[in-house]
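Report on the following structure.
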Amino acid sequence: MLTRRVAQRAVRHGPAASQLARSSVFSQQRSYVVDPKRDGGDFTLTRNKYQSILKENFPLELGGSLPEITIEWEQWGDCSLPGNRTILVLPSFSHSSHAASNRDDPRPGWWENMIGPGKAINTSYFRVICPSVLGSPFGATSPLTMNPLTGEKYKSSFPQLTPADMARCHAKILDDLGIDSVHTVIGASMGGIQALEFAAQFPDRLDRLVGLACTHQTTPGTVAFRRVQRRAILADPEYKDGNYTPGLSLEGMKVARELGMTCYRSREEFDARFDWNPTGPMHFKAATFEVESYMDYQANKFARLFDPNCYLLLSKAMDLTNLGRNALNLAEGTSRISCDTLVIGIKQDLLIPIQEQRNLVNILQSYGRNAQLVEVDSKFGHDAMFNGQMQLDVFSPLVREYIEEQLASILPHEQHRYSSL
């Protein structure tokens, strides 16, 4: 039976957590908890959804600060497990903290095939935490949020973020939970970029890093893609310098999404998936071809869900990816990642080309880091890591093998013996 609880701060476990609970500047607003008596088995499978508020000034990498931060996060698995049995999953650009279904929210998550009992990120062994991304419209402080200093929404006045700010925010969540370090930090695309930033800023707070289709520094070619997307929004007369009508689907957002899809996928997929024969009127104003109707549908759906100011903010944040910003140079900044690292790149990726993952791993290896690169072929391009079948067939085996490589050393003997039967 699901129960609803309202508390003042997040659930914590252990002596250190108890001490932290007394001094934490976070406060938990709500949680939905599964009754463990119904779960059975050897694990207390508690799946919670929390909203935490940071009640202190949060300085930003490029200057300025946020007076208060709200972050939603979800978790799966046994929430009493220690840090070395915890995995931090970081969302990409258009994803929320709902990475997988649970009893509170049975909707499939964006990594449904990757997270759960017996899956690549195995909740029978690990506690899994997925926080929302600072600046995202999905459960985090963002341009949609009320500025407590003015009493009005931030809108386009929201200060510019970088992935480094996002990573520090994730670290604050772990602080609040009394978690000094985790077993693995994993993310794909912008989630992978945040994971790299986390590992560079907090090298003692993780044992393993997994980054899929990510980069340590954005290249001009990628900036060019995103630049045109942002201009489509900014040029829309309904954008009104960020003061657009709430609930209105901007045409500029639709154009930005359609352009994005051309670099998230590959020509091979488009050509194989869609028929050439016209399906609509043969006129320049019409969606003549099947692929045009598909693009229309996806653009309209996205424009209804995603806030334009949040889109602009996060798009620019991605462009500002640079592990060398506060270092001697890019190589030195990247070398601050000292943990074991698995990087997975997609050869057909147009947005973050495979060469960027090769460069990243080359730098890490040149500094003596234990880093490896796996190159994957997929007609789905950059979006391959969010394709359900690719998750099952390709990414799950790679991720599971890497994460569980030394699992026997951290699992209680009896549990490991039982789970291997």
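Glycine residues also receive a Cβ, built from the backbone N, Cα and C atoms like all the rest.
Those TrEMBL annotations? Automatic predictions, nothing curated.
Database features (TrEMBL):
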DOMAIN    87-388  domain 'AB hydrolase-1'
ACT_SITE  S189  active site, nucleophile
ACT_SITE  D349  active site
ACT_SITE  H382  active site
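TrEMBL feature annotations superimposed on the structure.
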{"residue": "S189", "record": "active site, nucleophile", "CB count, 10 Å": "27"}
{"residue": "D349", "record": "active site", "CB count, 10 Å": "26"}
{"residue": "H382", "record": "active site", "CB count, 10 Å": "25"}
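Geometry remark: H382 (active site) versus D349 (active site), CA distance 5 Å.
Annotated pair S189 (active site, nucleophile) and D349 (active site), C-alpha to C-alpha distance, rounded: 11 Å. In the three-state DSSP scheme, D349 (active site) falls into the coil class.
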